[in-house]
Every structure is written in C-alpha cells, then in structure tokens.
Amino acid sequence: MKLIKNGKVLQNGELQQADILIDGKVIKQIAPAIEPSNGVDIIDAKGHFVSPGFVDVHVHLREPGGEYKETIETGTKAAARGGFTTVCPMPNTRPVPDSVEHFEALQKLIDDNAQVRVLPYASITTRQLGKELVDFPALVKEGAFAFTDDGVGVQTASMMYEGMIEAAKVNKAIVAHCEDNSLIYGGAMHEGKRSKELGIPGIPNICESVQIARDVLLAEAAGCHYHVCHVSTKESVRVIRDAKRAGIHVTAEVTPHHLLLTEDDIPGNNAIYKMNPPLRSTEDREALLEGLLDGTIDCIATDHAPHARDEKAQPMEKAPFGIVGSETAFPLLYTHFVKNGDWTLQQLVDYLTIKPCETFNLEYGTLKENGYADLTIIDLDSEQEIKGEDFLSKADNTPFIGYKVYGNPILTMVEGEVKFEGDK
C-alpha cells in the first residue's frame, strides 16, 4: 500500500488538506489525515496539489513507422512528465491500425512499452485513404477507442456518412480532423495578414469550418457521436454551438497552442510555428476561449505531434505540421489562465480530466475512493523555464521553449504505480 501525505486536493473548488491511501490500483481512502500503518510506503506531497491524472484524447506517438520522431515509450514518458495518465494515440502510423492484424500488433507494442494507459484509435478507412471502410465491429472487439482518420479529413460525404452509420452501430465516436483538401491551396499557415506579410501560402478558415458543417448534418442523419479535433476558427465554434443547440451529438476539443497563440506570434518563416490547423487570428482565439467557457468546446487536448529537428529546420512551406505538447500543457495553461485569474484551478483541471472522460464515457479523470489511483502531484508555486533538454519526448519542436511557467508536475502515478518522479 502507498500513502500520500500532506497533499492538497480540490474540494468544492477549494484546495483542502488531504492524505490519500492507495491499495494496489485503487484509492482506498481520502481524508484530512490518515495515520500510516506498518509497511505502507509514504509519499510526502509537501503541501503540493494532488490532481486527478490528466486525460489526453489526441496524441501522436509515431510508432510503428516513425520511431525516429517518437516511440510509444518516449511519448508516454513525456505524457507522464506532463501529468497525463491516459492518452489516446492517433492512427496515422505505418502501418495504420486499420485491420485486426495491424491493431493487434499495435496493442502488443503498447503492452510492452507504454508508461501510462494508452487507448488507441483505429482508422475510419483503410490506410486513411478515404476510399474503403475498415471493419468496425472487429476493431472494436480488439479494443479500438474510437475511429478517426486524423491527419487528413475524410473528403467525401458518402464515405463519412457510411463510416458514421457503422460507428453508431458499435456505439463508438467518429473523431474528425476537419480539412477540405480543395480549400487548402498548398497553405503552410493561416491565411491572414501575417501570411501576406511573409509571402507564405495560407490556409483559410473555411477549409476547416465547411467540413464541420457538412459532418454535423451527417452525424445527425446517422445518429452518431461526432467529435471535432483541434477546433481553430470562429466559424467552427459557431457551427458546433448551433449543432449542439439542435440536439446533435457533437463534441469538440481545443489545443493549448490555439488558446495561447495567434498568427501575430509567428516571428518569421519558422516551422516551429507550423501546425495543422494553423495558428489563427486574434478573433478566432477569442472565439475559442469563449466556446470553451460556454461549453461549446468540451475539453482540451494537446495534439502532441513530435518531429525530428532537421524536419522542423526546413522552411514552413516544406516542413511537416505539428508541435509537441504533452510536457507543457498544464504549466502553460495554469500560468496564463489560472495565475492571472481568467480561469479557476477547478476549471482547468476539469478541461483535462472530467471533461474528456465525459466526452467519451471513460471511467477515469477523478480522485475518489474506490476509483483508479491515477494522479499527478503538481508544484503550483515554483517557476521553471521550459527547456527542450528537459523533455522526455524525443522531440522538442515547440514555440514555448524559454517560457517561464508555474504548475509543473513532480510525480505522476498510474493505477497506483509511480511513472514519473522529478528528474527520474
């Protein structure tokens, strides 16, 4: 058994003194003071905040096929360092988990290497090509968390509709990277004033919002749970809000970088600032914040997307899309939104725990007696600088290097086992 002493937990929105007794994989007791019995391992939280473990429904672990960027082991170590105890990896790997054979191989890699709980997606279409549906019932039987072709949008309405019908039959979500290929125009950043200043092709807002508008109507017709990945535009927020008001089962996520940065933060032709969807305008960012606070957007997900340094050293027009986020999400959001009084600590924790779990009917995301001992101990008071050399991910492609942040996890536990502690 383990006993976390001298911690603070959120109760009714306030930090309260609490000890947590853990028996195996579950929390046995939470109380203001618990006397240790013989043989109990004591973990001294030293007055720090003990949070439910975070749940990230959108990460890229790159394995199999992209191990030079990230592996299941390094990606989940990075997740643990960031306080995440559950992650859901996208299927844009090689091979794609689009068959029982491929999914079984992926699951074995996870079983052998993962440092946190991993709930893998299966693809919607074979090889994510948008031409042939996968076998939904067979992949659900293997353990598919949900279905997505993330990395690309499903381009034809008929294929998306047929996929939604199949997903509804097996009671799983369709999770969509919304991007109309006919509207990308070879873009490498947001189509706006900054792209014009830099002379870089831009991706317009409608590239995303048009596909969401199509899909919410398809989801209504199919009776399917439809989840929108990494919402980035004000038009998308409006479409999702209207769909929810109409009673359509649509949910959505937003990334930390879209909440924190805009096109105005891009200093020049620097691919560290290249992600998909791109950093949008100030108006878009404000709409995302409003949508998160009013419940239009359900949760926060990182879209952790590691790449090799030489790949991101290329010009924006040639470099791959994506930034890492597992190790920086909570500190950045805590520093920029909670420390300055825009959000409460409870709000932020909910966006990373209860909200994603409610979105996908997961049994995690809370600290409660008889619940899983998934938790992270966080130092809310000490300032640290974000440094790439401190990352446990293979990659450090993020524009937040050098930022000074509070709220750094110092210990992460998954089902009662310590998976990250300090610099270990």
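Placement of Cβ uses the backbone N, Cα and C atoms for every residue, glycine included.
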Problem - Candidates N38, N113, N276, the one Swiss-Prot lists with H60, L61, R62, N92, H307, F321, G322 as binding substrate - result: N276
Handout entry: Same-site residue for Zn(2+) 1 (record: Swiss-Prot; known: H58, H60, D303; options: D150, D180, D396)
Key = D150
Exercise for the section: Among H102, H177, H190, find me the residue Swiss-Prot lists at the same Zn(2+) 2 site as D150, H230. Expected result: H177
Problem - binding-site residues near D150 (Zn(2+) 1 binding site), in sequence order, restricted to N92, H177, H307, F321, G322 and a 10 Å Cα cut-off - result: N92, H177
Problem - Rounded Cα separation (Å) that holds between D303 (active site) and H230 (Zn(2+) 2 binding site) - result: 7
Handout entry: Distance check against N276 (substrate binding site) for the binding-site residues H58, H60, H177, H230, keeping those with Cα within 10 Å
Key = H177, H230
Practice task
Using C-alpha positions only, work out which of the binding-site residues H58, H60, H177, H230 is nearest to G322 (substrate binding site).
Solution key: H60
Practice task
List, in sequence order, the residues of the same chain other than D150, H177, H230 whose Cβ lies within 8 Å of the centroid of the Cβ atoms of the recorded Zn(2+) 2 site.
Solution key: H58, M90, T148, G151, V175, A176, C178, E179, C229, N276, D303
Fill in the blank from the handout: Same-chain residues at least 6 apart in sequence with Cβ under 8 Å of the Cβ of H177 (Zn(2+) 2 binding site), in sequence order, are T148, D149, D150, G151, V152, G153, C229, H230
